[in-house]
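Take a look at the structure below.
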Amino acid sequence: MASIIIGTGSKIPEKVIHNKDLERFVNTSDEWIRTRTGIVERHIAGEGETNSGLATEAARRALEMAGLSPEEIDLVIVATLTPDMQMPSVACLVQNALGAKNAGAFDLSATCSGFLYGLTIADQFIRHKPSQKILVIGSEVLSKRVNWQDRSTCVLFGDGAGAVVLTGTSEDRGIVSTHLHADGSLWELLNIKGLGTKYPVTPEILEKGYQFIEMNGREVFKHAVRALESVTMEALEGAGWRGEEIDLFVPHQANMRIIEHLRNRLGLSREKVFINIDKYGNTSAASIPIALDEANRAGLLEPGSKVLMVAFGGGFTWGSVAMKW
Ligand SMILES: CC(C)(COP(=O)(O)OP(=O)(O)OC[C@H]1O[C@@H](n2cnc3c(N)ncnc32)[C@H](O)[C@@H]1OP(=O)(O)O)[C@@H](O)C(=O)NCCC(=O)NCCS
């Protein structure tokens with residue numbers, strides 16, 4: 001018995017900020033951003049657009065594809081680091097907005113790896129009771145946690161949501177292997193220190209900019225390359241696959257140079273690597289489910305396709321999920 005994805009959906013805010021728009025308020029250039037990151041534009045939540053609103057719409061689209069009504073959902077998991085509020089969870093807001101009245105709901109915090117953590121948890125539930133239907137969502141409004149005066153971070157991130165519905169199957173398909181890792185000793189390299197209970201809202205904390213993403217890009221880059229390479233190899237071993245057998249590699253979209261490094265390491269052609277970082281930038285927990293939905297709707301995934309997903313993020317956290325679609 002294994003867990004398969006029976007529906008995908010995503011919701012991207014309409015408002016677009018092109019690299020050229022950023023040139024107007026920070027000392028950067030379209031050329032620098034493209035060559036160092038692969039990003040060309042990103043979408044930003046507009047007035048009144050919330051994390052839970054994006055997540056709900058992505059979930060509706062996934063449910064529609066799965067042919068399920070909200071009442072049939074047993075559990076809603078939302079991976080996010082930018083919830084609407086401290087309490088309640090985004091998952092509860094989504095559960096209510098959908099009318100998923102028979103579902104449990106919770107958020108999980110594992111930054112950019114959050115969606116893969118969510119898939120791994122859902123897989124455990126489904127192995128225990130295969131008839132369950134679980135929504136796993138990655139959703140972020142990072143634009144509200146970015147310092148738009150800090151060129152080293154504001155060019156990188158974007159907003160959006162992606163969702164999948166999982167259930168059990170007895171066919172020879174589904175999640176084959178999962179691997180999760182963390183190293184909290186390196187948390188300072190990528191963080192949002194403020195607005196939690198350690199640094200609550202005070203004028204001093206806001207003055208220090210603790211409400212914003214802070215990142216040592218160069219160090220994070222080094223660790224990300226190393227961890228992603230290692231977890232990719234671990235995933236192949238866990239699944240019993242060779243690199244060239246992968247039909248679609250879906251890495252977290254943080255930096256095109258990292259993705260290219262992994263592609264070369266796996267010996268994959270460009271068509272076998274899903275890339276949309278140019279359009280959306282780094283949407284953290286939303287990046288892989290948005291990519292999966294776009295790949296699915298573009299007809300790149302067929303039953304049995306070998307899909308490998310890998311992610312790395314603040315914490316640090318990293319992980320992989322290998323599945324036969
Ligand atoms: C952020 C990142 C794109 C920066 O690229 P980089 O090649 O490492 O660049 P550096 O940080 O070394 O900076 C190089 C120079 O560009 C400058 N720079 C930084 N941001 C810039 C920008 N937006 N525009 C122009 N110049 C910029 C720096 O100030 C530095 O200048 P200096 O050499 O005069 O000091 C890259 O480090 C990265 O992608 N890191 C990992 C992000 C990631 O994977 N996150 C995953 C978890 S979400």
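We number each residue from 1, going along the chain as drawn.
In case you wondered, yes, glycine gets a Cβ from its N, Cα and C as well.
TrEMBL does not curate its annotations; it predicts them automatically.
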Per TrEMBL, the range holding region 'ACP-binding', considering 198-202, 208-212, 253-257, 283-287: 253-257
Alpha-carbon spacing, H252 (active site) to C112 (active site), which is rounded to whole Å: 7
Alpha-carbon distance [N282 (active site); C112 (active site)] in Å: 9
Three-state secondary structure, which DSSP defines for C112 (active site): helix
DSSP residue counts for the domain 'Beta-ketoacyl-[acyl-carrier-protein] synthase III C-terminal' (236-325), split into helix, strand and coil: 39 helix, 22 strand, 29 coil
